[in-house]
Structure formats: structure tokens, C-alpha cells
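First up is the structure itself, then whatever we jot down about it.
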Amino acid sequence: MFTVSITRETMLVLSQERLNIEPLQPSRLELLVVSARSLFLSLSLSLSLSLSRSRSLSVCVESFLVAIAWRIKKKRGESRRMIGSFVESTDRFSAAFVLLLVLYCGSCLITIWVIVNMACSVGVDGGNGCVSSRSFPVPLALVLSCSVSFTLSLIHPLPFTLSRALSLSLSLFLSLSPDKDIIYICPFSGALKGKVFITNYRLYFKSADALLFAYLSQEKFEENGWSVYKPMEEFRRQGLPNDKWRVTFINANYELCDTYPTILVVPFKATEEDLRKVCTFRSRGRIPVLSWIHRENQAVICRCSQPLVGMSGKRNKDDERYLDLIREANGTAKLTIYDARPSVNAVANKATGGGYEGDDAYQNAELVFLDIHNIHVMRESLKKLKDIVYPNVEESHWLSSLESTHWLEHIKLVISGAIQVADKISGGNSVVVHCSDGWDRTAQLTSLAMLMLDSHYRTLRGFQVLLEKEWIGFGHKFANRIGHGDKNHADQDRSPIFVQFIDCVWQMTKQFPTAFEFNERLLVTILDHLFSCRFGTFLYNCERARDTNELRSKTVSLWSLVNSDLSFYQNPFYTPESNRVLYPVASMRHLELWVTYYIRWNPRIRQQQQSPVEQRYIELLALRDEYLKKLEELQLSDSSPNSSHLSNSSTPNAASPTQHITHLHTPF
């Protein structure tokens, strides 16, 4: 059986026994568009086969008559009379045939265009741009027969019966051999001859209907990457719950907020009913919840979305009291609210029902705008950056071109905002961070601030936990921002928010080369598989969608790959330092373009080799491990019975081999 899904309105099921057409009721505009496309396809392909197939001529004439009906006459009754008289008159039939021959040259051009588009859309063999016979979904005859039948079925009433059209299309299809010689369209190596075979195949014209590769992958790894992040273990590591903060499962079924995780940490004095009331006053129901707590001064980072103040300046007593509970948890006089948006944008959002926390309503809070622009500005900035690095890198105007993209300026603003958050927390003041909906700029600020404050997140596994917690768990819209499985590349929701965050992390690793356990390879790998759909880690917008699509059971986590070879992603310069707060310099003089990521595929840029210092450091580490192994062997041999008399004769002050190990563990 051959199944061809052409549109949502019509499904053609073609088999050896029957051909059923089940049209719905499309709109007039949709009918016209779909009919026009099918007419051009059937007309051009019929004309191209008319010299070798006599049956194609009749199909061609009928298609042409329908085209005339659509173009010349708009009224249904007039179209019926015109087509009927046209078919009944032999002279007019001959005239139509002559007219078809006159239009043959123009139709040939349409035929070439159709075949090229079909060849480019059905599949590519390897990376050489050649269309393979296995990937060619249906022969041209099947497309022709289906398109003609589909076109004739849409034009109702017809001067000839629908069965007449179906029999013509079916006979045309059956008259062709099951395999045909065709010419492959190869963009890079020209035209190649080969054969296309009829196989059982379902052809979809909607890219979203195809499964993402992550669901088809059969990769196996020793470690299950989905178990890297366990919310309760992470909260216990931070010392939660305590007498000020509690864990709630009110969102276990995603009833409170469908884009939040199931486990939340909220003020101890806030009841479940309080949470539901606050939910109604926050955009998307994203209430303020705890992301991180300082173990010593108990200052917290909370994240949420904007309040629904609106143009009328609405207030919500429950929301105001809830923020007071956050402030009172560590006894600070003022709660600092960091709004990531520019103040102009925050005011403009009032027109759409949003807004910000005013001084009148939130008297115990201090509001600070961080002037980070929205997703549309970031998208345009990255486009400008792409334009200056591909296909050529202009050396003469490089600095001015880079400045015109404003990419590094945006990086600076994000890092600067995170520094302010981290500095407040270090000073013992709790903060609340939000933007518009709390899943883009908010995630950037909270995760970067936590990276500066908590050395655990600077380790290989800790960084994985940070991404799972602040980005994946709290509902950053990966599906909308990246566009996995969506053919609409011009979607206004596309934005490099997560790419920008990883760029900020890279800037920090450059300023603190010994503070991070992971190296640049990990960051590049994360961004590569952000787009590859090889793993399920960055698919969908929120945890609810991932649970619905059974992501954990049907796909592999990126962390399975990373943790299977940790040494590949380890930074040889890493020196563990607990409780050290990092304050990067957010100055344009200390920020640089991430060349090894943004320009790595430019053929004019030579791939950078490993740093000689890093290479020498790795060699010294290997030498240290070798010496440690020898010392352990000597220690074992000294403790054997045969060498007991030697140990007894040694002086009391002689140093044992284990006393030298501590010195050798010191980094070179």
C-alpha cells in the first residue's frame, strides 16, 4: 500500500484494490492555494511525459481544462457550462491540444523546477548532496496520479465524473514500470543516472510529523545521565529544608504552574492556599520560589515572572505578603528585586497586562533594572555576528564590524547583572530575579550568580546539575528558542539565550582558568548537541512536556556521553577551592569573541592547536601519576615480611614514602 499525506484536509490512500478520497471542508483560500499547486504539478509532469505516454495526454488536457475554469471564470455555474461545452466540441478539443503544445516550452521550465525541488526535499545521501535511490520516497508517476486526482476532486461539480478522473490517474500509475531510470540532481557533482524503486513509504510534507533523532538513537552508555540531577539531593546539599524554608509538592501534577518542576522550595510560613493566590498575580503562574541559599548568612536567590500589574496599577495583598516572607527568612531590612529588563520595556509591558513591583505596593523591596534586552534584540545581534564571520572575515574592519553587532555588549550586561546578584547574596541580602516570564534572562542571571557563589557548580557534575535545575527544570523554552523539528525558521520565538549563557561561562573560564573543573570542550559539546537532537536533554519546553512524551525512557541524556569519558572534558589547571566567590570583570576590555566556537567552521580560519602550556601541564600530570604509582609499589614492597628487618633497622626519623605523596599532589 502507498500512503501519501498531501495536506491536513485530504488524505489519498492508494492501493491495488481501491483508491479512497475523504475530503473535509477547507476554506476557499486554502482550496485555491492547494488546487493551484496541484494543477501546476500535474500539468508540468503530464506535459513532460506526453511524448512517451498516450494516457498522459488525456490527463494533461483535463488538467488544463480545470485550470482554465479556475483562471477565466469565477462563478461555479459559468465554469461548469464552459468546461462542458469545451469537452463536447471536437474543434475546441483540438484547439486545446494545439494550445498545450504552444505552452510546452514554458511547462518544461516548470517541470525542471518541480523535479529539482522534489529531489532536494526527499533526502540527501551522506554529505555529498546526492539524492539516493533509497531516499526517493515515491516515483514521479505516483505524484502525478495523486496530484491530478486530488485536483479533480477539489473542483466540484465536474463536467466529467470523479471515477473518470480516478481511473485515468490509476491507469497512468499502473502503466508505468515499478522502477524507472531517473537522473539524480547533485548540487556539487552534477547529474548522475540511476534507478528509483517503488517501496512502501509514507511521505509527509510537514516536518513536525517526523520523529526527532533522539527517539531513534540506539546508543548505549555505562552511566544513565538522567540520574545526574535529583532535586531532593541537591536541596539537602544546600541545607534544605530548614526552619525558614520548606519543600512543597503542590505542583506534583503541574496544576499550579505547568512550566515549573514538580518539587519547589517556598517560605515555611507560606501555605498552599497562599501559593495559589500568588499564582494568579504572576505571569504564567510562575511564583517566586527558591533557587539557591547561602549556607552561612541564609540569603537566598528566588526566581519568578513579572507581576500582572497592568495599566491600572493593580495590587495583590497576597503577593506583597509573600515577598515579605522571603525577606523575613533571613532578617534583611530590604528585599532586592532585580528586573532583568530595561525600565522602558517594563513600563511598556503594562499595556499587555504585565509590569513591575512599584514602590507603593512593595515598600520593603528595592527594585533594580538591569537593562538586558529581549530575545528579539539578541537574535538580531547573533545574526550580525554570523554575517561578519561567514563566509569571510574582514581583517581591515574587524573591530568596527564586531562592535556593530553589540554581541559583546550584551554579554557584558548579562555578566554585570549576575555580579550584582552575587554581590547582594554575599552581603547577606536576599534577592528576587525576574524578567517578563522568568525563563530566559532570569535563568541567565540566577545560574551565573550561582556559578560565582557556589564552587560545586564549577565541577563537571555540578555544572550538569546547574543546567538541569535552572534551565531544563524551570522551563527554559528550548523547543521555541531553538526550533527542534520545526521548519519555520523565521519564527519570532527563536533566540540564542542559552548560547549567550554558555558564552558568559566561557568568559569566566578565561578569567579564572583554575577555578573550573571542566574545559572548553564541554561547553562546545553542549552547544553542538543543543542543536543536534542526538540526545533528549534539551528537547521540549518544560518538564511536563518531557513527561508527556516519555523523554527519559525513550531517549538518551547528553550527560551519559559526557560522564562516559570525563577525562576528555577535564581542565588540567583545575585547583579545587571551596567557598571562593568569583567576581569576573564585566568590562569590554576583558571580554573577547569566542573564536573557537563562532568561527571554527570558517575554512579561512586555521584550527587552533592545543596550547603548549596546557600540553606540557598534561605531560607533567601523567609523570606525577607514574611516580605516585611507583611510590605505592615501593610502599607495598617495604611492608612485605622479607623486608621487615630493613624497616626495623631504619632510623626513627626516616621519612616513609607516604610522606612524600602530599608534596607530589601539589599542582605543578
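Heads up, the Cβ atoms here are built off N, Cα and C, so glycines get one too.
TrEMBL lists Cys435 with the feature active site, phosphocysteine intermediate. The substrate binding site annotation in TrEMBL covers Asn374, Ile375, Cys435, Ser436, Asp437, Gly438, Trp439, Asp440, Arg441. The compositional bias 'Low complexity' annotation in TrEMBL covers 638-650. Sequence annotations record features per position, and here TrEMBL assigns compositional bias 'Polar residues' to 651-661. Among the features that TrEMBL reports, domain 'Myotubularin phosphatase' is placed at 225-598. Look at TrEMBL and you will find 405-451 tagged as domain 'Tyrosine specific protein phosphatases'. The region 'Disordered' annotation in TrEMBL covers 638-668.
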Pairwise C-alpha maximum, in angstrom, for the residues (Asn374, Ile375, Cys435, Ser436, Asp437, Gly438, Trp439, Asp440, Arg441) that bind substrate according to the record: 12
Cβ neighbours within the same chain of the residue listed as 'active site, phosphocysteine intermediate' - under 8 Å, at least six residues apart: Ser305, Gln306, Asp339, Ala340, Arg341, Ile372, Arg441, Thr442
DSSP residue counts for the domain 'Tyrosine specific protein phosphatases' (405-451), split into helix, strand and coil: 32 helix, 4 strand, 11 coil
Output field, substrate shell: CB within 8 Å of site CB centroid, site Asn374, Ile375, Cys435, Ser436, Asp437, Gly438, Trp439, Asp440, Arg441 dropped: Ala340, Thr442, Ile497
Those residues of the chain, 6+ apart, with a Cβ under 8 Å from that of Asp437 (substrate binding site): Ser283, Arg284, Arg286, Ser305, Gln306
Of Asn374, Trp439, Arg441 (the binding-site residues), the residue whose Cβ has the fewest other Cβ atoms within 10 Å: Asn374
For the domain 'Tyrosine specific protein phosphatases' (405-451), the mean pLDDT of the predicted model: 97
